[in-house]
């Protein structure tokens, strides 16, 4: 399927749910309290402008994880209201129709999403802390304090630096000058992701050389080489150094929540991605892990990220990529052009050779597609990857196509509505309503599918428009009648790069992830 950065984010949110160690039962929603501000599209901007630091939860009333968060968020808000100065927590029902513009503006891809608004909205960052009251309180107290803390002694370092987390320290001869200013700027930008400190003495730190030429940035981490240094204080270079150094050479995809931040970075990266999936509990795991780690070391100078995933924890990824458990052990490469390369039933001693073939351009991409249906006489036509271009772009017709997932509740609700609309338009030979299972078929690059259901309207001339109107049969029929072009049966073509996409996604969140 077409995989763009926002589509990856949708996958990441699904992975975050899969990695949650909390129980899945639905708790009762928290009683409405006064500590959390309730905002809507009319009051939002005024509230942001009023508060130098404000935290906002974007939620949906039907979202189970939002219900689970509600009492914790309320209790945290009560505790933080006593902080000096008070830390304000707010919430927005992003599922309410009038508030949809806020969800679009702030790129809300799933529920709940929490964002930190600093400097009266001039600086907006993702909340990446705990989801229970005490953890929320501790995390936000850190966020409202200085972006980097001074380390004056080894005892300070012991108190601030967690051996299981990444910690970034600037080592200076004095706390002034361009290097210090740039370091503090980067610390402010990345403070929701990492903890920062600054010191005059490298020997206060638990790892790394004590005798250093200052200034220097030292990054301490719980994986690979444990400590890396850089002397480049250019802001862009420092950001790049941190980005490259804060992901393991091989990311592990299992149920350990400590690995979740590395998974987020892995899937957010624009670099090609190699993913090895197998059963972690079986005997060959150790030999595969050793061989895969050696391959990652051998190709560390190539622009590619490596992940090893446990079958049990990777069901969301299997569903997303259309993989099957009986194909494991398997290795999948997703490159920057959305091409995929797959080797199923791979042996540990085949990994390096297969990766060399990839880098040498000798592998053939593969495409997920269900079989083309032999019978396709229902009102809503079934389209698969192997015939989508012929059906949508070369038919000379106006095609409304839905990209759906079989498990998606909103898709199930929409199905009879599309059937009704298709039946109403059945006598119009210039119009077709179709659907594609986006979990079993690769979506063409002409369509940006970020969630389910996603609908697009394609005209005979190749104009591609996202459908963001109402979800009744009458709404759909009216839209098609107003938007359709006169069919051109003798002018069939594939628009390719010249296809025009119009419209914006008014409903970025399509289902609870």
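Even glycines carry a Cβ here, placed using N, Cα and C.
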(request) Examine the ranges 498-501, 510-513 and name the one recorded by Swiss-Prot as motif 'Prevents secretion from ER'. (result) 510-513
(message) Please give me the CB contact count at 10 A for residue 279 (N-linked glycosylation site), counting all chains in the structure.
(response) 15
(request) Note down the number of other Cβ atoms within 10 Å of the Cβ of residue 410 (site 'Contributes to redox potential value'), including every protein chain shown. (result) 18
(message) Please report the Cα separation of residue 63 (active site, nucleophile) and residue 410 (site 'Contributes to redox potential value') in Å, rounded to an integer.
(response) 13
(request) Kindly report the helix/strand/coil residue split of the domain 'Thioredoxin 1' (24-145) according to DSSP, in that order. (result) 48 helix, 26 strand, 48 coil
(message) When DSSP is mapped onto helix/strand/coil, what comes out for residue 409 (site 'Contributes to redox potential value')?
(response) helix
(message) Under DSSP, is residue 279 (N-linked glycosylation site) part of a helix or a strand, or is it coil?
(response) coil
